[in-house]
Structure formats: C-alpha cells, structure tokens
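Shown next, in structure tokens, is the structure this report addresses.
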Amino acid sequence: MGSSNLELIFDSVGHFGRYQIFLYFICAFQNISCGIHYLASVFLSVSPQHTCRPPGNVSQVLFQDLSTWQLEDIWTQFSVGREDRILVQLQDGAIWELTSCQRFRRDDQSSLDYEYSGQKSSFPCLDGYIYDRSKWLSTVVTQWDLVCNREWFGRLIQPTFMFGVLLGAVIFGYLSDRAGRRLVLWASSTGVFLFGIAAAFTFDYYSFIVARFLLAISGSGYLVVVFVYVTEFVGMKSRTWASIHLHSFFAFGTMVVALTGYFVRTWWIYQIVLSSVTVPFVLCCWMLPETPFWLISGGKYEEAQKVIDTMAKWNRTRPCKLSEILSLDHDGSAGNKPSQVEKHTLSELFYDWSIGTRTLILWLIWFTGCLGFYTFSLNSVHLGGSEYLNLFLMGVVEIPAYVLVCLGMDRVGRRNILIFSLLSSAVTSGVIMVIPKDYHVWLVVASMAGKFFIGAAFGLIYLYTAELYPTIVRSLAVGSGSTVGRVGSIVAPLCIYLSSVWIFMPQLLVGTLALVSGVLTFLLPETLRRPLTTTWEETEKESSSGKLLSTTSNTVLENVTVENSEDSSLNK
C-alpha cells in the first residue's frame, strides 16, 4: 500500500490529538532514562586523588607543612596535577615515601624529614591505594583500583558503552521490523532496567563492563525504535516537531545525572537511583498499542482498525474505515500499488562523483556532530567550578538548540542553519582555547555555547540527510550516517583523554572538524521547499534545474521511517 494513503488516517482521526500526545509523552519519558545512562559514566568513573597504601599501620604522616596521624587528613593540602610525596612512619619504625603510583622505603630510618640523600628501594603499590573520599565515597575506579597501570581499564568504560550503542541500533532496528515496535519497546526498556540494576551489583570490573554493554545495547535499541514508533503515530503536520523534540527529553536525562550525582556519592547507589527512572515506563509500556503502519504491513487489518478506532475515540474525531483506504490502492485512484522493496548497497551512495562527495561530507558532519555533542558534555566536569552544575547546564542548553532548529529550518533553510551551527561551534571552540583555565565561569559559558551550536547541527542533520537523497536509498543514507555518528560517540571519551597532552586538545579537534564540516557544507544543495525525489535521475534533474517547489519536511520523515525503519534511527 502506498505510504501517502496512510496519511488519510491522520486526516480523519487527527495528526496530533489527545491519543498521540498521551503516547508521545509516555515514550518520551523513557528517553530521559536513555539520556541518563549515556552520560552516567561521568560520575561513575570519577578518578579521585590517591596515593599508595603503606605496608603497615601508620604512626605519623608528614606532608608539606602538615604533620598528622592518619593519611586521610592530607587531602586538603593536596595539589591537583602535582606529584606530591607523602612521608609516613610505620609503627615498626620503617619510613616510606608515597606517591600516587609508587612507594619507596628508606634505608635510613633515623628521622622523618623531606631532606634525605640516602638509599631507598622502590616498590609497587601491592597493598592498594588510599583515595580522597571528600567528594565521592565510592566510584568504579576506587572500587576496583582502576588507577596507575590499570587506568586504561577505567578509560574504556565509556567507549565500550558506546560500542554497545552501535550494536544495539543494528540489532533492535532489525527486530522491530520483524517482531513489531511494541514488543521491542517493552523488551529494550526492560533490558535498560534489568541491566542497569545488574551493573550496580556486579562483583568485578569485567562483569560491570558486560552489564553496561548490555545496558547500552538495550538503551540504543529503545532510541531507534521509539523514533519509528512516534513517527508512525504522529501525522505529517506535527511529525518533524515531535521527532526533533524527542532529543529534549534526552537532555532532561543529562540534568537528572547531574542532580543525582550531586546528592548520591556512592556509585552503586547512584546507579540504582538512575536505573529506577525506567520503572514507570516498564510498568506502563504493556499498554502501548502496536502502530497501524506495522500492523498493515503485516496484513493484520482488523487489529489496525481497532487501533485507529481507539485513536478516533480519544481524539473525539470521525473514525475512518481502513477498508476504504486500502481500496484506493487496489482501484488505482490514489497512491501506487505495492511493489517489492529492492535491496540497495552502500556503493549506491557513491552513484557518481557528485553524490559520492555529498555522502562523504554528510558522514563527516554526522561524525563531527556526535563527537562534539559528547565531547562538550563529558568535558564539562573538567572546566572547574561545580562539575554538577556544569553538566546540568549542558543539558539545559540543548532544549533551546532544538527550538532554534524547528523555528529556523523552514524560514532560512536547512543548509544555512547547519552552516551557521557548525561554524559557530568552531568559533566557540577557538574562544574556549584562549580563555585562561582559571576563568571557570567563562569557560562554562563558552562550552554551553559550543554545546548549543553542535546540538542544533546534530538535531538537523537527520532531516537534511534524508532530503538530499532519492527514495530508493534514503533510509540507507540516513542509516549509514547515523552509524558513522556512533563511531564519533565512541571516539568522544577517548578525545577527552587527549587533554592530558594539552588541556584544550579536545576543543582543538572538535573545532577543526566543525570548521571543515561547516565550510564543506557550502558544497551541498539547499533542500528547503524542494520536492523529494524518487530516483537518481530525478535528483540530478532537480539539482541542475534549481527549481523550487512546495513540500514539507514532514514528508521526509514519513517516507524514511515507514519505508525502512530498520535503518532510520535518530540515535545519540
């Protein structure tokens, strides 16, 4: 059945009535949970100041000008980023020099003094570490000593999670077309809850990574399928607005992470609290109906009619008869008769030199958008001041970014908004690099601006990509772009660690990519008020003619999500 005829359903029962609003906010609520887990590692994997634990009971501690009886008292004097030696004398009289990753035993034990020129022996930290617990009572790092030669274990927590995100989009996108959207929404959200709780009760690092990996697969699967679910229940007149603002609920998840991190300072309790956000949706999701689009595609017309009747009843509108709409296809009076869906390969995105260049530019924009989105968020806790407030503000600033996209894309054009957002993000990254690191407030403000612009670019790239390709490869183009974007998400936490080379290295990388992407976007055509094309020939003709015709962005989302929901994923 032609997908255009299905829109007659919404013309009858309403494009965004009470029923769709009810379903929309139920589904969007779970997006908060996904946003939570995507950034939960910001505080889960905090690595506090630490020093080697001495091999015995301490009788006296000397640190700079502080003399005390226990090591825990020295953290107020500790300098961040400075390798300070701590002198301790054990109850057996042995004197040790302690650093963050090594300890030295002095041969001469006559006096506890920094001035020492005698022999000393080096030993690894076999007795573990003592951590500064003034901020966090416990983190994953302190739980399993992920410091020094095990530091890279801690640095893999977020990249492995993002790899799970990549895998989950593929798995659940495939399953949703076979088993239905409703079942997959229930399974993925249940997985988010169960694996989120399981991560809090893991017994070692490896089981924690596995639980988080499965959590990422489930959360990513939900984000993929909920986008399809929402767009198949919302009519064309409201579809673009509704789909873009699903991002806003993800941003609320970022704020919840910041608030929870502020009030809960033990990692496993923090993990349980964050995972509990999923409970309301898990309890309610069994009430969600299957989408009429999926039911019709599977020949379940009676079930589809029941859902349509329910929509009409809730919306207080006139119900439509599905049999009448279906008959339009059979008598040929509207739409087209169903045809076999032809499989297309990635090579078709390189149809010719011009299209191949277009594809590579869009892939770069997808990569830059995801890389910048997570780099600004993850790096916010390193800007100074309150890391909790910083992260909270990074979530707040996303919401006006999506409003900008919705208001601006139909007025000044998709390409112009994208160019402005990318170049502004590049300029903001440059501004951050010239702000002295002691100016915490200005660094946070500039980072918020960077997150605003890169968020706007990311919120628009899905729609823009869909409009640049003909119907025969539209889903493939969007799916490949989102996959490249997820690679950027995997790289983002690794990019943050480059700050150990130079404090502003992450901003330099993001700013450079945003600048290059913004300049290259000038080579792409504008799609505002241009008709969607079906074949490559139409695409070439439209590009060469430059003719402007009336169309709506909502049609793009309808075509992409209905024709091949497996590849159409709006996934962070």
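Any Cβ shown, glycine's included, is placed from N, Cα and C.
Swiss-Prot records N-linked glycosylation site for one of N31, N315, namely N315. Between the C-alpha atoms of N57 (N-linked glycosylation site) and N315 (N-linked glycosylation site), the distance comes to 73 Å. In this structure, the glycosylation sites under consideration are N57, N315, and the one with the smallest number of other Cβ atoms within 10 Å of its Cβ is N57. Take the transmembrane segment (244-264) and the stretches 359-379, 389-409, 503-523: counting Cβ pairs under 8 Å, 389-409 has the most.
Under 8 Å from some Cβ of the transmembrane segment (389-409) lie the Cβ atoms of residues 35, 39, 42, 240-241, 244-245, 247-248, 250-255, 257-259, 261, 376-377, 380-381, 383, 417, 444, 447-449, 451-453, 455-456, 459-460, 463, 528, 553, all in the same chain and six or more residues away from its ends. Long-range Cβ contacts of the transmembrane segment (503-523) within its own chain (Cβ-Cβ under 8 Å, at least 6 residues beyond either end) map to 357-358, 361, 364-365, 367-368, 371-372, 375-376, 379, 415, 418-419, 421-423, 425-430, 432-433, 437, 450, 454, 457, 495-496. Only residues 6 or more beyond the boundaries of the transmembrane segment (441-461), in the same chain, are considered here, and those with a CB under 8 A from a CB of the stretch are 244, 247, 362, 365-366, 368-370, 372-373, 376-377, 379-380, 383-385, 389-390, 393-394, 397-398, 400-402, 404-405, 409, 414, 417-418, 420-422, 424-425, 428-429, 431-432, 435, 481, 485, 507, 510, 514, 572.
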